[in-house]
Amino acid sequence: MAPAQLVYHKDEKVLCFHHEILYEAKILDIRHTDPEDKKSPLEYAVHYKGWKSTRWDDWVPQDRLRKFTDENRELATTLRREAESAFRQRNAKPASSSKRRGGSDRSSARGSEERQMSVPARGTKRGRENEIEKEDSFYSRPSVRIVMPDNLKSLLVDDWENVTKNQQVVALPAKASVNQILDDYFNEEKPKRATSADLDVLEEVITGIREYFDKSLDKILLYRFEREQYRSLRSKWENGSGNFADKGPLDIYGAEHLTRLFATMPELLAQTNMDLQSTNRLREELSKLTIWLSKSSDKYFATKYMTASNEYIEKTRGVPNPNPGTATSRLL
């Protein structure tokens, strides 16, 4: 076995995961997990910035550390906002929930929430330590809350309205297929991976997304109105007709249906038995992907949908929907 690779150095400023949140930290010391084996994995003593008490100093494995880059800082900010929102919702008073159900202005409430989320919590150092203690309790149970940027949420809502209300469908094959999108992300992300282990994780996540999409498309990612289109396309790729030879769902469908998969991913992953460390790493990887897709939405999403013909509309009335509801309908 080769000696453990030194990716981080003493006194380096880094970002370190504490449960689901990335905090700025400083590396105080480095050691091998087995002092007598110089090939054993490295672990790092870190001190979190702004945490006065040294009782929070911790020895952490390398996979909890991230380089202090602009991209990772953006991810840290996004993860913290999402976590704070989830924490507030979990601890919301019943009276507040009743009031919202009673008909308060939804857009105003959402705007207020976003304003609150836009500024990270401040306060005394002791107050921040109390906050961490609460987070320890809140995040003790593994779950995958994937970051879904606001513009992707808006695109999902528009997608839902176009299909279910306006009787339109995405033009397929998509201008950028799921395979192409995932390949583009992989090629852009690959040079940023510091170790072969990090690259392996990226490859496994991309492979997993492909498998989830392939297995779940016709089960939970389609609206009833799209099933006739799916039936027609499926017969073409199964028969290898024309340009559909050697093609499949991953080559035909694009960003709209991939984003629906991301919206339902927490439900799918909740049925797995991953440990906390694996859950947090997967959440990080999926969140980075959704943030990247959000920034590239103009490139990958359809600018307009096709209005269905009367003949198509008539056919859809006889198409059964074995799995009512989709990722987007549940999201809404």
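Using the three backbone atoms N, Cα and C, a Cβ is placed for every residue, glycine included.
Please treat TrEMBL annotations as automatic predictions, because they have not gone through curation.
Computed from a predicted structure; not experimentally measured.
According to TrEMBL, the domain 'Chromo' annotation covers 22-83. For 81-136, the entry in TrEMBL reads region 'Disordered'. According to TrEMBL, the feature compositional bias 'Basic and acidic residues' maps to 102-116, 126-136.
The residues of the domain 'Chromo' (22-83), classed with DSSP into helix (H, G, I), strand (E, B) and coil, number 20 helix, 25 strand, 17 coil. Averaged across the domain 'Chromo' (22-83), pLDDT in this predicted model comes to 87.
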